[in-house]
Amino acid sequence: MKWHEILIRYGELTTKGRNRKQFITRLRENLRFSFADIPDMKIRAERDRMYISSDKDEDMDELIKRLPTVFGIHSFSPVAKCEPTLDAMKELAINIMKSIDTDGKTFKVNAKRSDKRFPLDTYELQLEMGGHVLSNIPNLHVQMKEPEIELRIEVREHAVYMMVEVIPGAGGLPVGANGKALLLLSGGIDSPVAGYYMMKRGVRIEAIHFFSPPYTSDRSLEKVKDLAERMSRFGANVRLHIIPFTEIQQVIQQQVPENVTMTSTRRMMMKISDAVREEIGATAIVTGENLGQVASQTLESLAAINEVTSTPILRPLITYDKLEIIDVARKIDTYDISIRPYEDCCTVFTPASPKTKPKLEKVVYYESFTDFDEMIKKAVQNREIHTFPKQKQDEFADLL
Ligand code: ATP
Ligand code: MG
C-alpha cells in the first residue's frame, strides 16, 4: 500500500488549552528525535492534528511501525491520496480495504466534500463507493452506527484523501512537556519502569546510578548503561550520572549500627541525588520504590529517607504488585536487561536484618560523627556523565 501521509491525533493535548502550542512544538521535536534516521520526514502541524510524511515508501512503513511508541499521540491513521475522479477513487478504496483485515467486519463509508463542484454529492458518493467496496470485498456487512471499519473519504479540489485504520498511539504527553526529573536508576526491574511512567507523563528524565567498585563490577555498570540507552528509546535522550559511592558506603559500615546502614545509605543517595538534581535544573527525584517489597521499603523507612530534602520524591510504582511491574518491564523491553545477574551496591552491603522501622533520631545521631557533606560534594564532583543514545548526542544538544 502506498501511503501519502500519516494523520496524528493528539488526544490529551487538545484538552490542555493555552499550553497547546508548547506541547505541539515538543511533539514535533520529539518526532524529529525518534525518527532521526529518517531525515526526509516532513511534519505539518495544525491546531488539533499533525501530519507526517516522507517521499520514500519504505520510510512511510517504518514511521507507521514505530509511531505507536511516541508519547503524546492518541491515535494515528495512514492516509492515501488519488486524483479526484470516481475511477481513481474506486481503485484506491479497494486497495485500502485489501490492506486490512475485513473478514466478517461491519463497515460504512463516510464521505466529505469540500469541493462542491464534484459531480456526486456526499450522500451519492457514500452510496456509490460503499456499493463498489461491498461488491469487491467479500464478507463485509454495512452498519451505520459504530461500524468496525469506517472508510473515510475527503474530496478536495485537487485530490481525494482516504483512510481507514485508526491505530492507537502510546498516549500520555510528549516527553519534556512537563519538565525534568532525576531518576535513581539501580539496574533492577523497578526503576526503569518508574522512569518509563514519568516519561509517559511528559517528564524528561536524567538518571543517577550509585556505583561501588570493586564490590560491584563493570558488568553491572554496563547493565545500567544499557538500561539508560533503552530508556532513551521512549522518545528523548537520557543522561546518566554515575556516582562513585564506595567510600561513603564503607564509612557507613564503620560508623552506623548494622541494622540502620540501609537507611543511612538511602539517605546519602538521596542527598547526592538532590545535589545533582539542583545542578541539572530538575524539579523532582524519582525512584522505583514500592511499598513492602523489601525491608527498606516501609512507610517509616520512606519517611527517614525523605527527611534529607524538601524536594518532591516521586515513587510512581509505590502501590504496584511485582507481577504488574514485571509485565510492564517486559512490554517496554527493559526486563531482559534488568534480570542479567549482577551485584547491586546495596545488596553487597545489605545487613542480615535491616530495621523495618528505623528511628530517625538514631540514624541522624550516628551520621553526625562523620562529615558526610564533604564526601557528598566529592562524589558529586567526581561523577561520570554519559548521554544516550550515543550517536545523537551532538545533533540534539540543543534539546537537552
Ligand atoms: P529496583 O528493581 O529498581 O532495583 P528494588 O525493588 O530492587 O528496585 P531497592 O534495591 O530497594 O528495590 O531500590 C529501591 C530504589 O532505590 C530503586 O528503584 C532505585 O530507584 C533506587 N536505587 C537502589 N539502588 C540504587 C543504585 N545503586 N543506584 C541508583 N539508584 C538506586
Ligand atoms: Mg534493587
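Positions of Cβ are set from backbone N, Cα and C atoms, glycine also.
TrEMBL annotations: computationally assigned, not manually curated.
DSSP gives Leu185 (ATP binding site) a coil state; it is part of no helix or strand. Annotated ATP binding site per TrEMBL: Leu184, Leu185, His209, Phe210, Arg266, Gly288, Gln297, in sequence order.
In the predicted model, the domain 'THUMP' (61-166) has a mean pLDDT of 95. The domain 'THUMP' feature in TrEMBL is assigned to 61-166.
Least crowded of the binding-site residues (His209, Arg266), judged by neighbouring Cβ atoms within 10 Å of its own Cβ: Arg266.
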